[in-house]
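A.B. asks: This is the structure I have questions about; it appears just below.
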Number of protein chains: 2
Amino acid sequence: MRLRMQIGYDGTDFAGWASQPGQRTVCGVLEETLSTVLREPITLTVAGRTDAGVHATGQVAHFDVAAATLEARSIDGDPGRLVRRLAKMLPVDVRVKDIEEAPTEFDARFSALRRHYEYRLADDPWGAEPVSARTTAAWSRPLNADLLEEASAVLLGLNDFAAFCRRRDGATTVRELQDFRWMRDDFGVLVAQVSADAFCWSMVRSLVGAVATVGEGRRSVQWCAGLLQQRSRSSEVPVAPACGLSLIGVDYPADNNLAQRNSITRETRAAIDPNGCCGD
Amino acid sequence: MRLRMQIGYDGTDFAGWASQPGQRTVCGVLEETLSTVLREPITLTVAGRTDAGVHATGQVAHFDVAAATLEARSIDGDPGRLVRRLAKMLPVDVRVKDIEEAPTEFDARFSALRRHYEYRLADDPWGAEPVSARTTAAWSRPLNADLLEEASAVLLGLNDFAAFCRRRDGATTVRELQDFRWMRDDFGVLVAQVSADAFCWSMVRSLVGAVATVGEGRRSVQWCAGLLQQRSRSSEVPVAPACGLSLIGVDYPADNNLAQRNSITRETRAAIDPNGCCGD
């Protein structure tokens, strides 16, 4: 039986999503807790393998477990029981918010149509509001929101984002950037919504770093547009701090289109990137 | 010269506002940093002496400094310079957001007309969203927002809040509760706005604890109303966790009404409470 989970975490004290020996990772903590509760080894597949310090409110992962195991643990028929049991065991910086049965074709990574990220950037001279400092990056110079918007708009569409990606051998850096908008919230923090079919490693933080360089007046919008012509990572693009970034949601097709979506993803992307592209 | 500051802090790692020997307190960190920058001992007077673990986005304090001192440190005429200098020295969990010159009659504590607090309470079975867990308390049972509203409404007005206050000898517990409303935010968190002329020690957290007891169905609205008849702290009122509470703002009269306001506050409250009422 395949179960799909919605997950939130404060990434501050995690060495990212992916399990690494000797490190505290989100995947490591979740797999360990699930394995304890279900009394069998659980392996998670995730929609977006976030880096160290990156947060999530809408991460999605799936795992397989025998129906008999759920029955033996008295959580068959009501995944909400597993949610409550995990809530008692997990540390406060990671939560499983929802668990539901999914079709066996559902794959948290390969079935995903779209990933949505949010980036929070404070340009006040005094830095970020302390109550949200863990999820807000501070930019030391004032940023012009109109310039941020302009620079972001030129990056939209199906492009080669090589200038914004840490390269993996043979991996494609062509992605479709579907949304990249900025607004100031009630506290004056600049909040970006960034959506794409998938992201390469460090891509969202590099996009933010590039347009912030325009927003502070150091570079032109034309410079930003020109980055799309480059075929390798640009040293002119700063990578914005991890703490400002949160994965806020992942879109999936309806159940009857899962198999088709999985094969498209595998063909266009994973075939040439056997180890998977960090970030997703 | 009197300077007025607006301050924000994440109270998680502070033993409250008030300086205590051997403890990390907000007042202690700010006084130490200001004294270092200005090279003379600075003493702060604050609007609301928040407890350990309580946060602020709109705390207000004042201090006095000789004009010659500001001149010597090259920050005369532009308090924004002091804001930027402090930003470089203060830890990320406390920020001075604004400094401006104030009339000598301005007193952060005695001139205050009204304090505004916010309380964040998550009643999801999985607890609080990790990215906001430091500023959100978790309630283990589901809460009915309508009942919260009803119970809160009966407490409004000029009342003796003895049942909700940790008593100080001789201190009055009569306060005017001007606002106490609840709403669910986009993430399903119950957020209360609580405003009064002033608050006694532990009053906001006790108000929240009492109405949450009604909201979960364990007590009636009538029980909540009856608490106003009690003349001492009620053991039936739970004190909600500190982490959910933030001081979000303080109102002051126009400059020409400061002296009058100070004398009203002193007469009606401080005269019978010489050590000051914790919380304010």
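The backbone N, Cα and C atoms fix where each Cβ goes, and this holds for glycine too.
Unlike curated records, TrEMBL annotations are generated automatically.
Not measured: the values here are computed from a predicted model.
Annotation comment: TrEMBL describes A:9-110, A:152-253 as domain 'Pseudouridine synthase I TruA alpha/beta'. Marked as active site, nucleophile by TrEMBL: A:Asp51. Annotation comment: TrEMBL describes A:Tyr117 as substrate binding site.
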A.B. asks: Sorry to bug you, but what's the C-alpha spacing from the residue listed as 'active site, nucleophile' to A:Tyr117 (substrate binding site), rounded to the closest Å?
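C.D. replies: Computed Cα spacing between A:Tyr117 (substrate binding site) and the residue listed as 'active site, nucleophile' is 13 Å.
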A.B. asks: Among the recorded positions listed here (A:Asp51, A:Tyr117), identify the one with the smallest other-Cβ count within 10 Å.
C.D. replies: A:Asp51
A.B. asks: Tell me the coarse DSSP state (helix, strand, coil) of A:Tyr117 (substrate binding site).
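C.D. replies: DSSP call for A:Tyr117 (substrate binding site): strand.
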A.B. asks: Suppose you look only at the domain 'Pseudouridine synthase I TruA alpha/beta' (A:9-110); what would the mean pLDDT be?
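C.D. replies: Mean pLDDT, the domain 'Pseudouridine synthase I TruA alpha/beta' (A:9-110): 94.
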A.B. asks: What counts of helix, strand and coil residues does DSSP assign across the domain 'Pseudouridine synthase I TruA alpha/beta' (A:9-110)?
C.D. replies: 33 helix, 22 strand, 47 coil
